[in-house]
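Look at TrEMBL and you will find His115 tagged as active site, pros-phosphohistidine intermediate. Here TrEMBL flags Lys9, Phe57, Arg85, Thr91, Arg102, Asn112 as ATP binding site. According to TrEMBL, the domain 'Nucleoside diphosphate kinase-like' annotation covers 1-138.
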Amino acid sequence: MERTFVALKPDGVQRGLCGEVMKRFEQKGFRLVAAKFLQPSEDHMKKHYMDLKDMPFYAGLCKYMSSGPVFAMVWEGQGIVKMGRMMLGETNPADSKPGSIRGDFCISIGRNIIHGSDTAENAKMEIALWFKDEEFVTYTPCTQAQLYE
Ligand code: IDP
Ligand code: MG
């Protein structure tokens, strides 16, 4: 089973979209394994977006991400990293198809409401940055046999 890190950014939380995003991951059949609501520090966001440190928007992005509430989650399921990114849409909401989260709920690239890991390797790093081992809940979902062959 694969895991991915998904987080509603401050704009997504303020716009009341946590439930909508959770609904979409739940109804797809993915399983929530960890979640927390927090205001991350700028330092934490600088680590999270380290690969973008040379981009002109890096400082503003990290400042913005630490300016308000973030709803951080870890979801699990077969092929979830790739599918999660498809569910999110493109980085620029203007290129995101209707039906995707960014395609349905936002307009500008700097306010694209949600983060999702782009590779399985980055997902592992991001999950380790945001969650401790004891913050994961282990359980057998009753839908398992209906979702997987
Ligand atoms: P992703 O979130 O789709 O993985 P990345 O390229 O990793 O996209 O960029 C991280 C975040 O940085 C984006 O979600 C967006 O909030 C912000 N960002 C990316 N490109 C721009 C830009 O050109 N201007 C402003 N913000 C940007
Ligand atoms: Mg990215």
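Backbone N, Cα and C atoms are what each Cβ position is placed from, and that goes for glycine too.
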What whole-number Å value do you get for the CA-CA distance of Arg102 (ATP binding site) and His115 (active site, pros-phosphohistidine intermediate)?
10
Relative to ligand 1, which of the binding-site residues Lys9, Phe57, Arg85, Thr91 have a Cβ found under 6 Å from one of its atoms?
Phe57, Thr91
For Arg85 (ATP binding site), just count the other CB atoms lying within 10 A of its CB, please.
17
How big is the gap, in Å, between the Cα of Thr91 (ATP binding site) and that of His115 (active site, pros-phosphohistidine intermediate), rounded to a whole number?
9
Indicate the candidate from Thr91, Asn112 with the smallest number of other Cβ atoms within 10 Å of its Cβ, considering only these binding-site residues.
Thr91
Within the domain 'Nucleoside diphosphate kinase-like' (1-138), how many residues are helix, strand or coil going by DSSP?
68 helix, 28 strand, 42 coil
Could you check the recorded positions Lys9, Arg102, His115 and say which one's CB has the fewest neighbouring CB atoms inside 10 Å?
His115
Taking only the Cα atoms, work out how far Lys9 (ATP binding site) lies from the residue listed as 'active site, pros-phosphohistidine intermediate', in Å, as a whole number.
7
